[in-house]
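What follows is a short report on a single structure.
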2 protein chains.
Amino acid sequence: MSTARPASLPTIKRLPSYLQIIENARDDGREFISGTVIADELELEPIQVRKDLAVTGIVGKPRVGFSVSELIEAISAFLHWNKVNRSILLGAGHLGTALMGYSEFRRHGLSIIAAFDPSPERHDLVINETRILPMDDLDDFIRREQPEIAILTVPSSVAQQTADQVIAAGVRSLWNFTNVKLKVPAGVVVQKEDLSSGYAVLSVKMGLAAHSAECSDDPAPLPGGRTSTI
Amino acid sequence: MSTARPASLPTIKRLPSYLQIIENARDDGREFISGTVIADELELEPIQVRKDLAVTGIVGKPRVGFSVSELIEAISAFLHWNKVNRSILLGAGHLGTALMGYSEFRRHGLSIIAAFDPSPERHDLVINETRILPMDDLDDFIRREQPEIAILTVPSSVAQQTADQVIAAGVRSLWNFTNVKLKVPAGVVVQKEDLSSGYAVLSVKMGLAAHSAECSDDPAPLPGGRTSTI
DNA sequence: TAGATTGTTAATCGATTAACAATC
DNA sequence: TAGATTGTTAATCGATTAACAATC
């Protein structure tokens, strides 16, 4: 394995899907896997998989493919998924609770060390090994435990003020599941998950599919073809 | 308003965020909004907003901007969000329950007419106006009610078989929240939401931020700069 | 009018894809 | 060896951005 290179955002987004395939291969006892096989499973082009994997610094063997264990190590290292990311979750509603239960994230270093919620009836409940604490404890907890990430699953109406509070207490990275575009000071990282985007893409795809079913037998790829699988 | 044009996937994904800003403007009683204002709020380039809005066929007024009501109509029509999409939800766990409660989707045409779950203790519960039914009712329900969309929030282990079942019963569009790459027949639309991609992007951004904080005062944009806000 | 904004046409930039030599 | 696969270099494609005339 040589050194990692800079990667484009589309590449970074595809790496987790590769990792999943490769971890499955490991669980099946396989020692090597080729870019071609990964591409087949994900319906991507082999050259794209090779290019993407190259950013991790992995070096393969012609004719054989890549070492499964080296590939897992390389992707995990590239994504920083081989270290623990201590995080807190704000808003223990259904979405927040769902995230607490995702073992996939936990396996890849995301450790949710506490959740915070204003509802007194939820306090001290332990869901998926994570205790729910009152909002009043938030500032002290952050200063004491120094979590790196705050996961925002609060209602949109309190998203900005919650972000302000955790940033003031020292959190430098936010994973924002609300539909609010947060205003944060320079140096604070925000990753926004936008389910509306997905709904929009689904809606447009459905419209195209309906149209092509009515009007012709042609398969109707999304306009913008090549990138339609993102 | 002239006719809608084909749009790229990045454009389609940005349209919902524009719509949100514009709906806020409407709620504030504003009649016109310019691309510049939208761009400012979302930290995008004005030219990108103008280009994106153009795909909906909207025509603006120089110096004034776009009619708020026309813009809402144009984006909604382009996304097919001004018609009702009858959908069913498979797997009434925390994530599924969270989706049932998202009024944003309901306002934009997504009507979840029923949820299905194997747990007997959840049957006939009504959550956010949606009744939870046993899996045994699924086939009959689909044939009777003809929902257009199936939302998959089931465990990964049963994702493929659940998809097979709803497709066999007549559903043509899947919104897939599992981490399984579904195999579906031609003509079936699948939109996959991938939270792991978001976690990967967050992790890499954090790594870059940490590195730049240690090594220099430079702001450290993601490699691949221009598209780093996706 | 002056000036902000739209919308078009052209330029740039970067991601994807192709071609192919190297390799085991 | 033969042939599949890697990895590099070049070409293509499309999305973003720039420039600017038109417009109210």
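Numbering starts at 1 and runs along the chain as it is shown here.
The backbone N, Cα and C atoms fix where each Cβ goes, and this holds for glycine too.
Pulled from TrEMBL:
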DNA_BIND  B:17-56  DNA-binding region
DOMAIN    B:80-181  domain 'CoA-binding'
BINDING   B:GLY91, B:ALA92, B:GLY93, B:HIS94, B:LEU95, B:GLY96  NAD(+) binding site
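With the fewest other C-beta atoms within 10 Å around its C-beta, B:GLY93 stands out among the binding-site residues B:GLY91, B:GLY93, B:GLY96. When pLDDT is averaged over the domain 'CoA-binding' (B:80-181), the result is 97. Helix, strand and coil residue tallies for the DNA-binding region (B:17-56), in that order: 28 helix, 2 strand, 10 coil [DSSP].
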